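What follows is a set of notes on a single structure, which appears directly below.
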Amino acid sequence: MRTPRFRIQAKNVFLTYPKCSIPKEHLLSFIQTLSLQSNPKFIKICRELHQNGEPHLHALIQFEGKITITNNRLFDCVHPSCSTSFHPNIQGAKSSSDVKSYLDKDGDTVEWGQFQIDGRSARGGQQSANDAYAKALNSGSKSEALNVIRELVPKDFVLQFHNLNSNLDRIFQEPPAPYVSPFPCSSFDQVPVEIEEWVADNVRDSAARPWRPNSIVIEGDSRTGKTIWARSLGPHNYLCGHLDLSPKVFNNAAWYNVIDDVDPHYLKHFKEFMGSQRDWQSNTKYGKPVQIKGGIPTIFLCNPGPTSSYKEFLAEEKQEALKAWALKNAIFITLTEPLYSGSNQSHSQTSQEASHPA
């Protein structure tokens, strides 16, 4: 009886080298140097120790196109430190995703190229999707989670990318980096008594602050130290020019908000901020509404002028009712002098308020 002729046609090839002590890096280099019908797109090598301690090597090779293998010695590899040659079992890989998952299970791997999603899996159905999403949640970061979903659930990656992107932003949300003031609060030695009293009563942690703190509006010329002073008081949200309440910028654990150089005519959520309101939502332009915990005071910083001053805005005839409300929820201070006296702050004050002229 004739021995069947060896022949494999496949776009993805799975190799197993039993009892093989070749370094996985050497095998990777060896495969890369082979002259093959189609160029490899991705190669992954895994070193696996069986229960008896013997090492095995597995390799997944993805090609640009389908190749035909008739030489069963094509992938025989010689150990770099001796003359021993190791012969692999050669198979076509029906699901490269499943093979890659198998190679990844022990973690002792090396790879080259970009893995090609094949969309096929021997483990079909809902459980496979659940496993994929569980792996994504355990990946540790948004980018890694998206890579897992792209690889294991490519249909969801394409059709649900917008929702996945938004949901993973929330799941792997990192709080904004804390601001470090260039000057301590104590260096501002010309702060009016009314402002100091407001700070003592309202800028406190959640356990000590009032249930509905008062806000404060501070109006004054540029380079009086308003911005740096306001940002030196403690953990805060800084909103300048426009409001970005996304989790990447806005921190619900902050002690207070600073709204700097925002025209009051176009200030979104005017009452929510000035009234220290709790548990409100803000619609975002391209995403889902964000939930704001609230209950913290806001420091409004502005310059004189019709497009900056809150006093001038509230003095408009059509804002009469809003003015009456605002006077019950905030105090209004006009600065005539800088908040500091020392010349040692002049350079940083100038550079800070040149960017934020409020």
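Counting starts with 1 at the first residue shown.
Cβ coordinates are placed from backbone N, Cα and C, and glycine is handled just like the others.
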Could you check which of 14-17, 322-325 is flagged in Swiss-Prot as motif 'RCR-1'? 14-17
According to Swiss-Prot, HIS56, HIS58, ASP106 bind divalent metal cation; so which of GLU25, GLU48 is the extra one listed there? GLU48
Looking at 102-105, 258-261, 270-273, 326-329, which one is motif 'RCR-3' according to Swiss-Prot? 102-105
About how far apart, in whole Å, are the alpha carbons (Cα) of ASP106 (divalent metal cation binding site) and GLY220 (ATP binding site)? 64
What else in the chain is close to the region 'Oligomerization' (155-175), if you only count residues 6 or more beyond its ends and a Cβ gap under 8 Å? 119, 129, 137, 141-142, 145-146, 149, 247-248, 251, 253, 287-288
Using a Cβ cut-off under 8 Å and a sequence separation of 6 or more, which residues in the same chain sit near HIS56 (divalent metal cation binding site)? THR16, TYR17, PRO18, LYS19, CYS20, ARG47, GLU48, LEU49, HIS50
If you count the other CB atoms within 10 A of the CB of HIS58 (divalent metal cation binding site), including all protein chains displayed, you should get 23
According to DSSP, folded down to helix, strand and coil, what is LYS226 (ATP binding site)? helix
